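Chemist: The structure under discussion is supplied below as structure tokens; questions concerning it will follow.
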Amino acid sequence: MEKSGYGRDGIYRSLRPTLVLPKDPNTSLVSFLFRNSSSYPSKLAIADSDTGDSLTFSQLKSAVARLAHGFHRLGIRKNDVVLIFAPNSYQFPLCFLAVTAIGGVFTTANPLYTVNEVSKQIKDSNPKIIISVNQLFDKIKGFDLPVVLLGSKDTVEIPPGSNSKILSFDNVMELSEPVSEYPFVEIKQSDTAALLYSSGTTGTSKGVELTHGNFIAASLMVTMDQDLMGEYHGVFLCFLPMFHVFGLAVITYSQLQRGNALVSMARFELELVLKNIEKFRVTHLWVVPPVFLALSKQSIVKKFDLSSLKYIGSGAAPLGKDLMEECGRNIPNVLLMQGYGMTETCGIVSVEDPRLGKRNSGSAGMLAPGVEAQIVSVETGKSQPPNQQGEIWVRGPNMMKGYLNNPQATKETIDKKSWVHTGDLGYFNEDGNLYVVDRIKELIKYKGFQVAPAELEGLLVSHPDILDAVVIPFPDEEAGEVPIAFVVRSPNSSITEQDIQKFIAKQVAPYKRLRRVSFISLVPKSAAGKILRRELVQQVRSKM
């Protein structure tokens, strides 16, 4: 095997130590989370920055057991689906753990969804109960399903004239006496624990079935570097939505099972994030590119004491080297890292190794322990050696079971040898670092050349007068497609289209040059921070 991890069989293997998974097939993600908690019972587990509530690991374990009995009394049985439609709070992970402790399947929906969008997900996942909040009740009252409203007794208002199927979170807790054990349900690692809907960048949203074993494996992959560095009792701020795999698996579950503390935030607001880092002495911050941009470019960052912060990690979309260096200047003494994962891989494929120190290379790091990969040529279907691009295929114990009710999509994504075809274009360098170039379907085809929008976007946001940017294809009779950009100017900037075109032309081959630049106030993005290029493509084409 080369130092890149590339083998003679065309497979890249992780350069990290071997992943050790629990051997007992009857291990649930909940029993695994609390396996060591008796040695730190009074340590902070969860703090809710919005309400001031907090729980130690001992209190968390008791609350989850009691809530599990409550859901059991409400009739939730093994394989029953429970939908949560709510923003982050300390009660969100309690519900996740309580539902999965009794063999239920936890599915999540974006609080920004319309009635129509929630309706589609309810039709697909068939939940028995909806967990939500007062503010969103109007969107779910028409589904004729029992509802549990999160919040405290004082803040939950049971809407007048509504049916008797509405309970508060406290009501569910009170259905059971304080208990120390969960209702007995036999749970296997291969059982489905969560049904998370993929962002649908390739079309309609699909329900990704993730097992107890997937969560356990992914959590060990995510936290192995902490073991290697001898780091304990970190404090992780979670404003990334817990309805998404990044917030739920990579931050919430992975860190709690490691004995780290979690600080929840209901929504992202830069000043509030900075205040909470200072207040809770946060050590680790996982973000998505729009937040990374804000941390790089906003002067308000300098007004807060961020001395506790050791790491900022970013995922969801590739970040360029220039932007990482800019962020490093704005927040010195913090290690900046990137990772790569997707819902289908329980949030992790690769992550940079903090033991290597500051690099800001623009890479998504080395394969997580236990993960194998291939880079497969889009033209020939053959495995590619280092520094050759192709589609990223991955395999490992963190890969999904499949898509719910969609055998065709499952078959198209997972092949007979268990490789998950990611649809992402990338390559490994000679040191085994993965570089994610872009989504294959989003590449711009210019006279047979391929132009990656993410590469041009990375160059654009490296300019001090540019706050954000998106690049999309524009139909062209001669070339097929040409790259055009939509740019958000920095405050007080008067940068012009010509200035931007010249700035890019100096740095790229002629076929990658921008043919047009338009100015917009906001780049459309998903809750996970991914650019919604399709929306802009559709807008542009509808005006042609």
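Note: Cβ is positioned from N, Cα and C throughout, glycine not excepted.
Below, the features straight out of Swiss-Prot:
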BINDING   Ser198, Ser199, Gly200, Thr201, Thr202, Lys206, Gln338, Gly339, Thr343, Asp424, Arg439, Lys530  ATP binding site
BINDING   Arg267, Lys447, Gly448  CoA binding site
REGION    269-338  region 'SBD1'
REGION    339-403  region 'SBD2'
Chemist: Using all protein chains in view, find how many other C-beta atoms are within 10 Å of the C-beta of Gln338 (ATP binding site).
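Modeler: By my count, 29.
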Chemist: Using a Cβ cut-off under 8 Å and a sequence separation of 6 or more, which residues in the same chain sit near Arg267 (CoA binding site)?
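Modeler: The list for Arg267 (CoA binding site) reads Pro87, Asn88, Phe239, given in order along the sequence.
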Chemist: What count of other C-beta atoms do you get within 10 angstroms of the C-beta of Gly448 (CoA binding site), across all chains shown?
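Modeler: Its Cβ has 8 other Cβ atoms within 10 Å.
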Chemist: Once near-sequence residues are set aside, which residues in the chain of Lys447 (CoA binding site), 6 or more away, have Cβ atoms under 8 Å from its Cβ?
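Modeler: Same-chain residues close to Lys447 (CoA binding site) (Cβ under 8 Å, separated by 6 or more) are Glu478, Ala479, Gly480, Tyr511.
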Chemist: Using all protein chains in view, find how many other C-beta atoms are within 10 Å of the C-beta of Arg439 (ATP binding site).
Modeler: 19
Chemist: Give me the long-range Cβ neighbours of Ser198 (ATP binding site): same chain, 6+ apart, Cβ under 8 Å, in sequence order.
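Modeler: Counting only residues 6 or more apart in sequence, the Cβ neighbours of Ser198 (ATP binding site) under 8 Å are Ser205, Lys206, Val208, Met342, Thr343, Glu344.
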Chemist: Just the number: how many Å between the Cα atoms of Gly448 (CoA binding site) and Arg439 (ATP binding site)?
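Modeler: Rounded to a whole number, the Cα-Cα distance is 17 Å.
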Chemist: Including all protein chains displayed, how many Cβ atoms other than that of Thr343 (ATP binding site) lie within 10 Å of its Cβ?
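Modeler: Neighbour count, Cβ to Cβ under the 10 Å cut-off: 22.
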